[in-house]
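Undergrad: Dumping the structure here so I can ask a few things about it.
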Amino acid sequence: MQQQHLFRFNILCLSLMTALPAYAENVQAGQAQEKQLDTIQVKAKKQKTRRDNEVTGLGKLVKSSDTLSKEQVLNIRDLTRYDPGIAVVEQGRGASSGYSIRGMDKNRVSLTVDGVSQIQSYTAQAALGGTRTAGSSGAINEIEYENVKAVEISKGSNSVEQGSGALAGSVAFQTKTADDVIGEGRQWGIQSKTAYSGKNRGLTQSIALAGRIGGAEALLIHTGRRAGEIRAHEDAGRGVQSFNRLVPVEDSSNYAYFIVKEECKNGSYETCKANPKKDVVGKDERQTVSTRDYTGPNRFLADPLSYESRSWLFRPGFRFENKRHYIGGILEHTQQTFDTRDMTVPAFLTKAVFDANKKQAGSLPGNGKYAGNHKYGGLFTNGENGALVGAEYGTGVFYDETHTKSRYGLEYVYTNADKDTWADYARLSYDRQGIGLDNHFQQTHCSADGSDKYCRPSADKPFSYYKSDRVIYGESHRLLQAAFKKSFDTAKIRHNLSVNLGFDRFGSNLRHQDYYYQHANRAYSSNTPPQNNGKKISPNGSETSPYWVTIGRGNVVTGQICRLGNNTYTDCTPRSINGKSYYAAVRDNVRLGRWADVGAGLRYDYRSTHSDDGSVSTGTHRTLSWNAGIVLKPTDWLDLTYRTSTGFRLPSFAEMYGWRAGVQSKAVKIDPEKSFNKEAGIVFKGDFGNLEASWFNNAYRDLIVRGYEAQIKDGKEEAKGDPAYLNAQSARITGINILGKIDWNGVWDKLPEGWYSTFAYNRVRVRDIKKRADRTDIQSHLFDAIQPSRYVVGLGYDQPEGKWGVNGMLTYSKAKEITELLGSRALLNGNSRNTKATARRTRPWYIVDVSGYYTVKKHFTLRAGVYNLLNYRYVTWENVRQTAGGAVNQHKNVGVYNRYAAPGRNYTFSLEMKF
């Protein structure tokens, strides 16, 4: 309905009408000087924002590829460097196990790429003894950041968007397309990036090629990386370190003489006994080496690491003439290797270890006796698997991990910029993804110092030893997804409706193989010398009557440790779990005029799993997730926000397989973990920038942990059945999050344009921890996953035309709260004992970083950064947490904590080229 505009004739109107002819005449007189100006069109690519999916944006962070470049993100640890409340979970062997958010980590924080879940952190039981706390890798595959267009980090329950795993938050990556490389108005694009990071001697080389011919287009990205371990502050590794090593010395006993028959040229005992040899015994000798070469629990430096990565991404496609329809494909292959040596394992035997093993083994024939002048050949003791190991060789423990990801898929995208049909946007995609983690443990005892990973026992190296153990874990997904978006108005209310559907066939497979040992022995016998003139000789080891022995070449013995069906770590029966899942989600973000925005979402998930192993806790799970949010806008400069959301995590494949204690376990019913998030915030915004402060409350229940069902018998609590993964814990946390960016020119226009400041703060407090009464032998939930409270303050300048810029960042972290590391364990007898996650916690620390960039002719950008500018000595909690009980591969028997020191002053450089 059109409104009628009434025209009222008055003195003012008459005056204007009278003046108009004269004005028109003047314009006509000057028309000869008029020029038609060209039409200027300004186009900008749509950037992902915090409020794209959820109206409040509370708890969300969005980073574009440009942001990643500016922050010099070269690996997973750089991604959240300046984002308090989000931390990387160290896997313990150079890799990572995802992120920790709001007290939860690993599989409780969802990780997806284009909606496809990445591999779970699968921790298998470890072999008894040794240094390992997990038999498998426990890592989560890392993402190639040069392939990333944008990343959205959500803190708080987020299953309505990301499904299972988003119990405490989610990290969602979006892959680049050809448009991200091809410049506006061009038909092709080339991007190259060369970067070096001093903290780990990391080198990155990436090149992206994209082109468009007619409707056809394609993108190709290749990235290679090579790096070492993250080096600690130089002060942590200064000096030298000493250790004891067992060396051979002559036995002082009067009855320790012998003759080797093979060394007696004429074979006559009587002739050769005039020059007998003396037995050897072990004695500790103090030796000194550099801190880099030292092995043992008191090692100052981190374990050496060799890291390599190769990634290919290929995205071909065809865009139809009207540009509404697009059909494309994606092929991705990424392989990363993490090869490390555990140098906390002493390379050399000591007298204490030698004597203890020898005592345990009893009498060892030939001990102390050697051939030739090779005195070390007489020092050997009992080792693993009944093998004898010599003091001559050093021990090396190596972990070689290879992470391989392969993905290919098809997609159809419909985009309607005119918004005049049933959908503004629709996407139908099919992805087939396989991710495998190959974890190979090797223990060598066949080289001089233990550093040779490739040495093997041989007949000419008696008492040498080798052990291999390999666990290969893989997951596969065949995922079909559909997404629809539509904006429309009803009664002056703007709706932004989206519908998401998905169906997945998945599989999990763990193979335990190459589990064997090899050892080299020697031929030895103690003989009776031939009679002398018919007289029997009985040697007693004295100088005049030495022993008469034979020492010959031995052989190599190989023994298999793998067993089938014994339900312990040595069981090498393949583990397989398969299943299907589907989901349906709907979300509507509504704009109620200029005063308020309201949003709500609902999602239904279904998962069914099965296995050939009857002990696996498979089954069917149905879950419903939702969220709701509101933004009140009383003024142009103030927003009041509030949101609630739920999250869930279905039992992981490792939890479904269960804990095997040598008996045939029974399958148990495991319910999904659940979470409920409440969050309220206030946002100040304007020409000055924006500042947001929020308070959150996260409650977790039915947390899954290993333990027993409890029962009361004769008035006492006792365990029922076998150990299993059970729903047993609940917890609640609260916290504060502050985020802001200030444009100083907007605050005061006298200041130059381009100056800005940033501020971020996060604090979490544990409010409640409970254990179910019908569970026992349960460890209370320890919040070692909480990052200590942290402030990040920045001051920067970007030249208005984007030619150059500089930025300084101050990061201050508080100490790790001791209360977050203390807990109790419910014992089988009904009592409990106090526990502690780890023996150490970190102190407060601060660092200053400075970075900048300079662009030459719009094609070349040089970036540089100085991190820990003041060369401050500090230790992060994320590093020390590797010694905590909740660590994936817990570091045990740590003597000194220098090895966890953060890098000192270090530099990063990169050169970007765009054409």
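First residue shown is number 1, and so on along the chain.
Cβ atoms are placed via backbone N, Cα and C, with glycine included.
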Undergrad: With reference to Swiss-Prot, is Glu321 found on the same side of the membrane as Ala491?
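TA: Judging by the topology that Swiss-Prot records, the two residues are on the same membrane side.
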Undergrad: To which of the residue ranges 36-45, 546-555, 676-685 does Swiss-Prot assign the term transmembrane segment?
TA: 676-685
Undergrad: Among the residue ranges 351-361, 593-603, 736-746, 758-768, I'd like the one that Swiss-Prot describes as region 'L3 helix finger, interacts with transferrin'.
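TA: The range carrying the region 'L3 helix finger, interacts with transferrin' annotation in Swiss-Prot is 351-361.
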Undergrad: Of the residue ranges 84-93, 134-143, 424-433, which one carries the transmembrane segment annotation in Swiss-Prot?
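TA: That would be 424-433, per the transmembrane segment entry in Swiss-Prot.
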Undergrad: With the ranges 624-633, 724-733 to choose from, which does Swiss-Prot describe as transmembrane segment?
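TA: The range carrying the transmembrane segment annotation in Swiss-Prot is 624-633.
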Undergrad: For the topological domain 'Periplasmic' (489-494), jot down how many residues DSSP puts in helix, in strand and in coil.
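TA: Secondary-structure breakdown of the topological domain 'Periplasmic' (489-494): 0 helix, 4 strand, 2 coil.
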Undergrad: DSSP helix, strand and coil counts for the domain 'TBDR plug' (51-176)?
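TA: Output for the domain 'TBDR plug' (51-176) reads 20 helix, 40 strand, 66 coil.
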Undergrad: At a C-beta cut-off of under 8 Å, are there same-chain residues at least 6 beyond the transmembrane segment (216-225) that contact it? List them, or none.
TA: 74, 144, 146-147, 176-178, 180-182, 202-210, 307-319
Undergrad: If contact means at least 3 Cβ pairs within less than 8 Å, sequence distance 6 or more, would you call the transmembrane segment (424-433) and the transmembrane segment (495-504) in contact?
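TA: They do not touch: fewer than three Cβ pairs between the two stretches lie under 8 Å.
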Undergrad: What are the helix, strand and coil residue counts for the topological domain 'Periplasmic' (634-637) according to DSSP?
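TA: Across the topological domain 'Periplasmic' (634-637), the residues distribute as 0 helix, 2 strand, 2 coil.
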Undergrad: In the same chain, who gets a Cβ under 8 Å from the topological domain 'Periplasmic' (416-423) while lying at least 6 residues past its ends?
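TA: Same-chain residues near the topological domain 'Periplasmic' (416-423) but 6 or more away: 324, 484-487.
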Undergrad: With a Cβ cut-off under 8 Å, give me the same-chain residues at least six positions beyond the ends of the topological domain 'Periplasmic' (320-324) that come close to it.
TA: 215, 414-416
Undergrad: Quick one: DSSP breakdown of the topological domain 'Periplasmic' (744-755) into helix, strand and coil?
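TA: The breakdown for the topological domain 'Periplasmic' (744-755) reads 4 helix, 1 strand, 7 coil.
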Undergrad: Helix, strand, coil residue numbers for the topological domain 'Periplasmic' (416-423) per DSSP?
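TA: With helix first, then strand, then coil, the topological domain 'Periplasmic' (416-423) has 0 helix, 0 strand, 8 coil.
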